[in-house]
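Here's the structure we're looking at; comments come further down.
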Amino acid sequence: MENIIVIKLGGTASDNLTENFFQKITEWQGAEKKIVLVHGGGHYITKMMEALQIPVETKNGLRITNQQALEVTKMVLIGQVQPTITSAFQKRGISVIGLNAGDTGLLEAERLNDRDLGLVGKITKVKTNLIEQLLAGNIITVIAPLGIDNTYNWLNVNADTAACEVASALKAEALYLLTDVPGVKNESEIISEINTTEINKLQTSGVIKGGMIPKLESAAFAAKHGVGQVIITDSLENAGTKIRSKVAIG
């Protein structure tokens, strides 16, 4: 399927969807673009865990997830964040549906090799049939970043990773990773473009750290696996940082 745009909503973006955002979505739909959203919810998961007095721990930008933390993650993503997003679309008369790994095993996953992270997984397969059927009906799909393994256990998946896997599986023409910052910064300057070969150097030099590490690694994967363009930004209007997979010639 052509003309697919995947958008990852992260940080507190689900509570700050602007009229400009919805206007852009409407413009894209008018141009026969098909829209898929993958949402995070880390901020709200942390707030809920703190309220329940569950320790919050991370490693290399990923949340360490035991069974208790996983249950909170599922509750917040499927029961709080996703309905907030879908309701905002419905309020504006835009057809939308929320999906998660429980829907026809949408996102198959396996645990990461780093067992210190607990019940954290990586996507091994995106079952695109359901998504494509909905997109053919001009219905926006909103996907929670949770996976199910081959023994039907749920796994927490980094939302950037999930978005990049979905975009790659759909061969999207564009992937927007929306976050709380306007792009990748080197001190106070936004880096306009990053080659995938530069990411390790930027990490070693401390330019990128924390949650930006898995974000850039995921973006690099998407850029190398069939996604037309990958952009890290804080809004659909801003240029942000483009991730490219080949060295420019000339």
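Positions of Cβ are set from backbone N, Cα and C atoms, glycine also.
Feature annotation from Swiss-Prot assigns site 'Transition state stabilizer' to Lys8, Lys215; the stated evidence is sequence analysis. Residues or ranges marked as substrate binding site in Swiss-Prot (evidence: sequence analysis): Gly41, Gly42, Arg63, Asn156.
Overlay of Swiss-Prot annotations on the structure.
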residue: Lys8; record: site 'Transition state stabilizer'; DSSP (3 states): strand
residue: Gly41; record: substrate binding site; DSSP (3 states): coil
residue: Arg63; record: substrate binding site; DSSP (3 states): strand
residue: Asn156; record: substrate binding site; DSSP (3 states): strand
residue: Lys215; record: site 'Transition state stabilizer'; DSSP (3 states): helix
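Recorded residues Asn156 (substrate binding site) and Lys215 (site 'Transition state stabilizer') have their alpha carbons 16 Å apart, per Cα-Cα distance.
Of all Cβ atoms in the protein chains displayed, 25 besides its own lie within 10 Å of the Cβ of Lys215 (site 'Transition state stabilizer'). In this view, the densest Cβ surroundings among the binding-site residues Gly41, Gly42 belong to Gly41, judged by other Cβ atoms lying within 10 Å. Spatially, by CA atoms, the recorded positions Lys8, Gly41, Gly42, Arg63 include one closest to Lys215 (site 'Transition state stabilizer'), and that is Lys8.
Less than 8 angstroms from the CB of Lys8 (site 'Transition state stabilizer') sit Leu37, Val38, His39, Gly40, Ala159, Asp160, Ala162, Ala163, Leu175, Tyr176, Leu177, Leu178, each of them six or more residues away in the same chain. Taking the mean position of the Cβ atoms of Gly41, Gly42, Arg63, Asn156 as the substrate site, the remaining same-chain residues with a Cβ inside 8 Å of that point are Gly40, Ile45, Thr46, Thr65, Thr73, Leu77, Pro145, Asn158, Ala159. Every protein chain shown contributes to the tally, and the Cβ of Arg63 (substrate binding site) ends up with 22 other Cβ atoms within 10 Å.
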